[in-house]
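Colleague: Pasting the feature list from TrEMBL:
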- 9-21: compositional bias 'Low complexity' (COMPBIAS)
- 244-258: compositional bias 'Basic and acidic residues' (COMPBIAS)
- 73-169: domain 'Pyridoxamine 5'-phosphate oxidase N-terminal' (DOMAIN)
- 214-273: domain 'Pyridoxine 5'-phosphate oxidase dimerisation C-terminal' (DOMAIN)
- 1-35: region 'Disordered' (REGION)
- 244-273: region 'Disordered' (REGION)
Amino acid sequence: MHENDGPVTPAGGDDASSGAAPDGGAGPDSTATDDAGLLALLRAAPVLAGPLPEFDPDGAPDTPGPLLAAWLRQALADGVPEPHVMTLATAAADGTPSARVLMLRGIDTAACAVDFASDAASRKGRDLAENPRAALTWYWPAQGRQIRLSGRVHVLDTETARRDFLGRSPASRAAGFTGSMSGTLTGAMAYERARAEAEALVAAEPGRVPDGHTVYRLRAQEAEFFQADPGRFHVRLRYAREDEAAGAREREGGRDDAGGPGAAGWTRTLLWP
Ligand SMILES: Cc1cc2nc3c(=O)[nH]c(=O)nc-3n(C[C@H](O)[C@H](O)[C@H](O)COP(=O)(O)O)c2cc1C
């Protein structure tokens, strides 16, 4: 169990006794006291309270793409906010990790592949150029659902990048021409000037695409579906492409009791939550 199931301080119960100063703490001990108060408030926040949907892994499809699509559709139907926003984790060649949220820009259910777009010169773009492996995660608290895809990432063709960019609103396209993503911004003036120039450029040349605009495709080698349960009887189902399945089993110590080798080269495995 990863979430805290232990006793908690009632939310808002003893903020005054924490000694928190209105400005965030002045004395040498106040920061630690504030941290303790903050932690108490966080631990009192409900987690996985439910009701949550049930997930029967025996009824899951043989391949992960249709399950990914079904969970995304269910998230939309249930009104999950921004279900197409996901966290992308990358690592530089030296292993330094980083993660950020971005938007899903394409999906290939049959291939279990997901597209996202960014600037090739951004930190993530540089990471992917050095090390084309990444993970994508989604977490939808109202459903207690988490999905993780991991695998190799490759760059899609420039026509795809062009269509992706030109399909955006003028404001979004102007943002794509403003400054250089992940570079240092020297101040508000520079930002305003760059933005005004970008807006003028988009108005004058509506068909222009920034040089670095890139659509990336992550083809899942592993896909994992986590369905939380309010009683903490969580379910984790992992799919691995058969060529990678042996290595993945070894890494995580899972059991092949969810159906064994499936269709189209995927193995399904239940994992201890
Ligand atoms: C809701 C949301 C959606 C975002 N979508 C994208 C996106 O589709 N592509 C992108 O490059 N950055 C997107 N961003 C910004 C990224 O989170 C990140 O700040 C930026 O890409 C720079 O990341 P990097 O320095 O790690 O490369 C989004 C941010 C938010 C909050």
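Residue numbering: from 1, along the chain as shown.
Glycine residues also receive a Cβ, built from the backbone N, Cα and C atoms like all the rest.
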Colleague: When DSSP states are grouped into helix, strand and coil, how many residues of the domain 'Pyridoxamine 5'-phosphate oxidase N-terminal' (73-169) land in each?
Modeller: 22 helix, 45 strand, 30 coil
Colleague: What is the pLDDT of the domain 'Pyridoxine 5'-phosphate oxidase dimerisation C-terminal' (214-273) when averaged and given as a whole number?
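Modeller: Here the mean pLDDT over the domain 'Pyridoxine 5'-phosphate oxidase dimerisation C-terminal' (214-273) amounts to 80.
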